[in-house]
Amino acid sequence: MDVASTASASGGGRWYTGMSADNIKGLVLALSSSLFIGASFIIKKKGLKKAASSGVRAGVGGYSYLYEPLWWVGMITMIVGEVANFAAYAFAPAILVTPLGALSIIISAVLAHVMLREKLHIFGILGCVLCVVGSTTIVLHAPPEREIESVTEVWDLATEPAFMCYAAVVIAIVVILVYRFVPLYGQTHVMVYIGVCSLVGSISVMSVKALGIALKLTFSGTNQLTYPQTWAFTLVVISCVITQMNYLNKALDTFNTAVVSPIYYTMFTSLTILASVIMFKDWDRQNPTQIVTEMCGFVTILSGTFLLHKTKDMADGGLSTSSSFRLPTSSSARFSKQTDNDGEGIPLSSSESFRSPH
């Protein structure tokens with residue numbers, strides 16, 4: 001009885017500790033992060049559309065958006081959101097902060113409907129919900145982060161054979177996507193651009209975590225800036241973020257925001273968790289029930305992504321057939337440019353029925 005009382009008291013102590021002032025700060029920062037990031041998708045797309053009217057679209061390799069002030073407002077908004085998200089991890093555990101990132105999907109979808117007049121079928125909304133539920137399930141059942149005392153410990157984890165193999169596979173796939181699939185299918189299949197962003201993003205998050213640990217230890221009095229590993233992780237972060245932003249801009253400029261946001265979130269979250277499992281050996285500290293629950297969450301994500309792919313078919317009255325699933329790349333790219341200039345929502349894959357004007 002005393003043991004139970006002690007356990008109950010201990011559980012109560014953990015609950016009140018979880019609702020401490022620092023955790024509330026982390027919660028507020030995470031919520032504000034989702035708001036800023038969700039809004040940044042819409043602001044950046046409005047900037048991309050405005051830039052496309054007077055220059056070459058980002059979706060076909062143009063960089064005229066760099067001269068558009070509205071795009072920079074969106075970029076600054078996203079940076080503010082990312083900084084808030086980074087700061088949230090300094091106050092609250094990842095199990096509290098990470099799932100709240102799903103709110104950015106809802107925010108961007110609502111703002112896209114209001115500001116960009118992009119329509120999403122009811123089953124697309126269900127797909128978004130499934131993506132959010134699946135991602136949240138994975139994150140909520142993920143193990144707690146391990147304690148790390150030095151950035152060199154993270155470097156040792158990153159240079160172990162398992163993670164080195166993962167990084168090599170990611171780099172190989174990204175190179176194939178960029179040089180083989182982007183020129184052929186970048187304008188017709190959203191998974192190409194989003195695949196690059198998500199794969200590179202899983203590496204960048206591991207580096208961001210390492211850099212965050214280094215900064216946190218430095219601010220607490222243990223200087224990590226003298227270690228070359230800190231600067232190596234910094235270079236990886238910079239190169240990965242630049243790559244992510246480039247291909248995310250292409251995806252936003254080419255496809256419907258309400259479709260890009262949830263797919264990017266689910267792929268990015270799934271690959272990031274996979275990278276974390278490999279690098280930090282998270283599953284070694286979990287029981288089979290937790291692992292199975294995470295896998296169920298992943299299946300839920302796949303179901304939501306499938307519904308998002310089929311949403312446009314339903315919205316267009318199911319006109320798409322296997323014989324009209326794909327147009328030649330050159331003509332589909334031209335047709336994509338015409339519909340995008342008209343301000344129409346861009347579907348997931350290029351077909352004549354998909355891109356027929358309203």
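Counting begins at 1 with the first residue displayed.
For all residues, glycine too, the Cβ spot is worked out from N, Cα and C.
Copied from TrEMBL, the annotated features are:
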- 24-43: transmembrane segment (TRANSMEM)
- 63-80: transmembrane segment (TRANSMEM)
- 86-110: transmembrane segment (TRANSMEM)
- 122-141: transmembrane segment (TRANSMEM)
- 161-179: transmembrane segment (TRANSMEM)
- 191-211: transmembrane segment (TRANSMEM)
- 231-248: transmembrane segment (TRANSMEM)
- 255-279: transmembrane segment (TRANSMEM)
- 291-308: transmembrane segment (TRANSMEM)
- 320-332: compositional bias 'Low complexity' (COMPBIAS)
- 320-358: region 'Disordered' (REGION)
- 348-358: compositional bias 'Polar residues' (COMPBIAS)
Do the transmembrane segment (24-43) and the transmembrane segment (255-279) share at least 3 Cβ pairs closer than 8 Å, excluding pairs fewer than 6 residues apart in sequence?
yes
So which of 63-80, 161-179, 191-211, 255-279, 291-308 is most in touch with the transmembrane segment (231-248), counting Cβ pairs under 8 Å?
191-211
Sequence-remote contacts (6 or more beyond its ends) of the transmembrane segment (63-80), Cβ cut-off under 8 Å?
36-37, 39-48, 50-52, 54-57, 245, 249, 253
Sequence gap of 6 or more, Cβ distance under 8 Å, 3 or more pairs: do the transmembrane segment (122-141) and the transmembrane segment (191-211) meet that?
no
Count the CB pairs under 8 A between the transmembrane segment (191-211) and each of 161-179, 255-279, 291-308, then give me the winner.
255-279
